[in-house]
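**Student:** Here it is, the structure in full.
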């Protein structure tokens, strides 16, 4: 029997218990920080030489020359052609759906002209070059390639550089095939903090990028945190999360599997169910105990559910939505009748999955919306990765002679009030 936490919103100490359940701090490992700082300094100071040494040390001891870290284009094209038909069609279908969704996000430049001829506007420009980090080896995720590369391509990014480690020379054909589908420009077989550093600072072989996106381990996350400001980054993601709001009418086995789908990521992942039906919570608990041993990652799931999972009894669905906003989850399932009527009640969530048939796993792979989502409550102020993350906005201002006179007088008054006489005189010079 798995020991998953049971809470009730009617209990006097519920808020404190909920706070404890949600409390999670990404501890800063001093050894990781020290190692990452050293690696960043090595790459910044010694470039390719350090990159080759670190790649030999951590990933592939058989690499002889720095030129070997770049994969020729025909190798990833070959990986795509070598996939069996079912896998290739699944990747291509997912890519097509992701592309179609993200094309709806594409922003356009705009402007307008005032009566005196003054023109104001906003220019949308794609980033020049983006670096995509993809974990390597057997645990690689081709879906992450699609979710990160396709929005960049839709945005109009000129050059997309992918880095992925190849432990002991092992390459993941699905990842390379995904790179081919997304028309990535260059692929380098490097990983870890050294790959992040190479992308951020540039070396003779690896070009400097404007932004780095993609998931990674603790060393990659620490490196991204350190280089932020030199380059942009997507986000600092915490453990994966799912919150399910259910009215008690869904198959409890479905709900159990939905909770498992996040719990299997790692021991720190969080899976929570909110329901006004106590008997249904009992049935889900039974399903969890019965089904968990059928899964290969059952030990990870068990640890996740026992440490950070919960089945919570609530008064009604309205209260469930209030609690959901308090949690601001990465993924939120509305497994209820007429889920549309509750959407406006949800203010804070990375993604909302409506209805009993809409499992979160579809969003991870092929529904279309991005699976790179804010975690750890940051959905209160953050959004999913999208086309807008690969575009910049530049203000446009053009005033006529009449506009210079009208606006110049206003600017002069305000500038003098701030004690900035040069500002005032600059504005005045256009109309005096």
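Sequential numbering from 1, following the chain as shown.
Each Cβ is built from the backbone N, Cα and C atoms, and glycine gets one as well.
Values in this document were obtained by computation on a predicted structure and should not be read as measured data.
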**Student:** According to Swiss-Prot, 262, 265, 423 bind Zn(2+); so which of 210, 337, 364 is the extra one listed there?
**Tutor:** 364
**Student:** According to Swiss-Prot, 262, 265, 331, 364, 418, 423 bind substrate; which of 240, 382, 383 is also listed for that site?
**Tutor:** 240
**Student:** Which one of these binding-site residues has the most other Cβ atoms within 10 Å of its own Cβ: 265, 331, 423?
**Tutor:** 331
**Student:** Give the sequence-ordered set of same-chain residues, not counting 133, 194, 217, with Cβ within 8 Å of the centre of the Cβ atoms defining the NAD(+) site.
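**Tutor:** Residues close to the NAD(+) site, other than 133, 194, 217: 135, 163, 165, 191, 192, 193, 195, 196, 216, 219, 220, 223.
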**Student:** Closest of the binding-site residues to residue 330 (active site, proton acceptor), Cα to Cα, picking from 133, 194, 240, 262, 423?
**Tutor:** 240
**Student:** Across all chains shown, how many C-beta atoms besides its own are within 10 angstroms of the C-beta of residue 262 (substrate binding site)?
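**Tutor:** For residue 262 (substrate binding site), the 10 Å Cβ neighbour count is 28.
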**Student:** To the nearest whole angstrom, state the Cα distance for the pair residue 265 (substrate binding site) and residue 217 (NAD(+) binding site).
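**Tutor:** For residue 265 (substrate binding site) versus residue 217 (NAD(+) binding site), the Cα atoms are 13 Å apart.
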**Student:** Among the binding-site residues listed here (133, 194, 217), which has the Cα closest to the Cα of residue 262 (substrate binding site)?
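**Tutor:** For residue 262 (substrate binding site), the spatially nearest of the binding-site residues is 217.
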**Student:** Measure between the Cα atoms of every pair in 240, 262, 265, 331, 364, 418, 423, the residues the record assigns to substrate, and report the largest value in Å, rounded to a whole number.
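**Tutor:** Spelled out: the longest distance between any two Cα atoms in 240, 262, 265, 331, 364, 418, 423 is 56 Å.
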